[in-house]
Structure formats: C-alpha cells, structure tokens
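Read through the structure below, which is laid out as structure tokens, and then see the notes.
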Amino acid sequence: MADKNEINEISFNDVVDSETGIPKTTLRSTLISRVEKPINPWKILRSLNKAQTITFLAAFLGWTLDAFDFFTVSFALPYIAKEFQMQPSKISASITVTLMFRPVGALIFGLLSDRFGRRYPLMADILLFSTMEFASGFAPNFQSFIVLRAIFGLAMGGEWGLGAALTMEILPPEARGLVSGILQQGYAAGYIVAAIFYYLVTVNLGWRAMFWIGSFPALLVILLRFYVPESQLWERSRESHKSIGHSWINEIKLVFKHHWSKIIHTILLMAGLNFISHGTQDLYPTYLKTQLLFSPEEITVTTIVANVGAIIGGAVCGYVSQYLGRRRTIIVAMVLLGASLPLFVLPRNRVLLSVGAFLVYFFVQGAYGIAPAHLNELSPPNFRGTFPGFTYQLGVLIASSSAQIEAVLGEKFPKDGLPDYGLTQAILTACAAFCLIILASIGKEAKNVDFVEVEIVDDLKSDTKQDDTEKESLHE
C-alpha cells in the first residue's frame, strides 16, 4: 500500500479528475489537443514479451470463434428460414435474442473475473459457447434453436470483456491502441471464417454442419489459456483489498454512486458503435443474396473483401488513436464512413460494391477497434473485468434489434418487387454515425492512463472512505 502523501506525486498529461484519478477531457481538448509523435507499429509489436503475446493471441482467437458462430446464423439465415418454413425476418429474431442475452453474460462472467481472476472464468466461458454452438446444429425446430442461441449469447457476452481486460492489463500503455484495434478485429476474422465455411460447407453439407464443425477449435483455445498468466493487476488489487477488508457489495454500490454518468455515456457510445456494426454486418449476406441475387461464391468474395477492410481499419485506427486520441479518431472515422455509404448500397457492379464494402467496414471497425483500450482505460480499477464488458454488452442490447428492424423495413418497402435491405442499412448506419459524433465529442478520455497509478489513487480513496466511515460510527 502506498503512503497517502504519494497521491500528490501522481501526475498525468491533463487535469486529473478528483473522483476517478484519471485525466479530464473536454470538447476543446478532443478537437485541438496536441498530437503525440508516433512510434513504429512493428517496434511496438516486437516489444511484447512471450506472456503478452500469448495473452493477446488467446483473446483474439476466442473472440474470432465467438464471431464465427454468431455470423454463422447471418449466412445461414435463408437456409434456416427455408427449413423451418418461416420468413428471414422471423429467423433474424434469433440474432436479436443472442444480442439481448450478451449483457447478462457480461455481468455474470465479469463479476466472477473481478472476484476470482480472469483465467478460469474465461475457460468456462469458452467451453459454454463451444457446447452451445455444437448443440445449435441439432435444433429440431425454431423454438429450441432460439433457446440455444440465448444461452450462446450469455457466453458470447462474457468472452469479450474478460479477454479485453486481461489483455489491456498486461500490455504497456503505448501498445494499447494498436493491439486494441487488432484484438477487436477478431470479430471481422470470425466473419471471414464464417464466409468461407458458408461457401465450402453450407452449400454442400447444409447449414447444420457449420455449427458442428465450428465448435471444435474452441477447445484448442481452452488449452492455450493454460499458458496465459493471471493478471498481476488483479492479483495486486485482490491482496490490497484483503488487507483493507472491503465489502465487495459496498464497492459495487460505490461504483454506481460515483461513476453513474460515465456508465450511462459509455453504454450510449457502445450502442452507437453496435448500431453501425450490426447495421452493416448482420443482414449484409441476406442483402447480397436476396436483393442483389449474388451467388454463394460472389457473397463469399464480397464479404471477405469487406472484412479485410475491417481488419485493416481496426489496426490502422487503433494505432492512430494512440496519438490522435480515442474520441477524435472515432469522430474522423464516422465522418469518412458517412462519405462512403453511397458506394455501399448504390452500385450494382460487383467491383464497385466491394470497394464500398471495404471502405464502410474499414471505418466502422476502425472506430470499433478503439473500444477495448478506451473502455478499459475509463474503467473503475476494481471492476475492470465487469465494467468494459457490461457497458459494451448493454450497448449491444440497445442495438440488438438492428438486423430485425432492417429486415422488417426492407420487406415492408420493397424495390422492384424485392426487399430493399440496402437502403434501410444505409439510413440506420448514417443516423447512428451522426449520434456517435455527438457522443464522442462530449465524452471523457483517459488515453495512456497508468493502471498502476490509478490503483494507488483508488486504494488511497478507499482508505479515506473507510476512515471517514469509522469516524462516523464512533461519533454515533
């Protein structure tokens, strides 16, 4: 435990918030603050030691497999609808249910990780989602299928927060932006794998085989997790709070009492990011097949091109955010996204459409790639396993109906006798991008905050609160 006088020696590049111990930011600082000198990205990656590299790879692969299973439904949606004799808009309700259960999983697994460590809750989480993925391939009807997707949503909600927290805690601050951008694009990598499986498996073996085959690689990630060290920051926090004798329930109450405005803003920010992400991804294969009448080969190629753009965008924007700033990078990405939307839905030429998809996914996932670093930097220290994942997944919950909204509106307002999914995707994405610009402009930022220093601030504040409580009890 640091001496209380050490609080005066802690300094940041900006004004420090008295409640959180992290730098305050304003709209003025977001738009015109000094840009730091970049470090060569290859130098950053080479600087990671073995433990940091394995931790990052395990988190990336876990998120990739999560996304693969999630997008399996998106690609197979017309085939599932045909087998269950339902409209695609009805089957898309399973996507909504999966998204709705993700916050519950984030809360459950997040609280477990803050209480018992990151590693073992992550292993249990991966085992759960691989089991649900395998079982989904045996669903005899839509009712059982949607129940399995709900349980999968629990596991998917837990994986992101725990993996991101463990990775960000073990990294040096200067590597957070780049690694955050790459880590988040495990989602796009999962989309690419799902696209390849769609072409190779669904067309030849049926949609159920995608779930069966895709469940087994998750077991390899569990084995990899055994080589991932526990977060030293979590271990330090556990020992610190054992010595202080804190009540865990009281700490949760203090988090909501002192950070409620940050929690609400972060949830809204993540809702905007999820509207643009799910609004451009979940219904996109159905749009290509149903409205543009693309063949399975054309759908696979187009979605792979789009998600290559997502992976590059995540890495580039994540790296840029380390120097330009998290919020300012989001604002720039949203402006450029708006300029790219016409190419996303208007062309009927496959090459032009692929260019538009590449650009849109570049800027959508470029902005999203900032989330792991940004949320962990804003997180209250003792709840870094819970706060990022829970706020992220509540944002998912708010945006959970995006694919269903697009499907319903596209079918309600057809074009040339076919559902107009393209126009509804563009309109929803443009509205969400505008809201994101506003939210990013008025939010806080804690780029490069030292997690260890914040732990010291938090411990000193906790000591002070405990002393005050004891004094009040004596007075009474």
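Along the chain as shown, the residues are counted starting at 1.
Just so you know, glycine gets a Cβ as well, placed from its N, Cα and C.
In TrEMBL, annotation is done automatically, which means it is predicted and not curated.
Features as listed in TrEMBL:
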DOMAIN    55-447  domain 'Major facilitator superfamily (MFS) profile'
TRANSMEM  54-81  transmembrane segment
TRANSMEM  93-113  transmembrane segment
TRANSMEM  145-166  transmembrane segment
TRANSMEM  178-201  transmembrane segment
TRANSMEM  207-228  transmembrane segment
TRANSMEM  263-279  transmembrane segment
TRANSMEM  299-321  transmembrane segment
TRANSMEM  328-345  transmembrane segment
TRANSMEM  351-371  transmembrane segment
TRANSMEM  423-442  transmembrane segment
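As a quick check, the transmembrane segment (299-321) and the transmembrane segment (423-442) miss the bar of 3 or more Cβ pairs under 8 A, pairs 6 or more apart, so the two do not touch.
Most Cβ pairs within less than 8 Å of the transmembrane segment (328-345), among stretches 93-113, 145-166, 178-201, 263-279, 351-371, belong to 351-371.
Contacts between the transmembrane segment (178-201) and the transmembrane segment (93-113): absent, as fewer than 3 C-beta pairs lie under 8 angstroms at sequence separation of six or more. Counted over residue pairs separated by six or more positions, the transmembrane segment (54-81) shares fewer than 3 Cβ pairs under 8 angstroms with the transmembrane segment (263-279), which leaves the two as not touching. In summary, the transmembrane segment (423-442) lies against the transmembrane segment (263-279): three or more C-beta pairs, each 6 or more positions apart in sequence, are under 8 Å.
Through the fold, the transmembrane segment (263-279) approaches residues 99, 187, 256, 334, 337, 364-365, 367-368, 371, 375, 378, 387, 391-392, 394-396, 398-400, 402-403, 406, 425, 428-429, 431-433, 435-436, 439-440, 442-444 of its own chain, all at least 6 residues removed from its boundaries and within a Cβ separation under 8 Å. Using a Cβ-Cβ cut-off under 8 Å and counting only residues 6 or more beyond its ends in the same chain, the transmembrane segment (145-166) has close neighbours at 55, 58-59, 62-63, 66, 69-70, 73, 80, 84, 93-95, 97-110, 113, 118-119, 121-122, 125-126, 128-129, 132-133, 135-136, 139, 180, 183, 228, 231, 372, 375-376, 379, 384-386, 388-390, 392-393, 396. Taken as a whole, the domain 'Major facilitator superfamily (MFS) profile' (55-447) shows an average pLDDT of 84 in this prediction.
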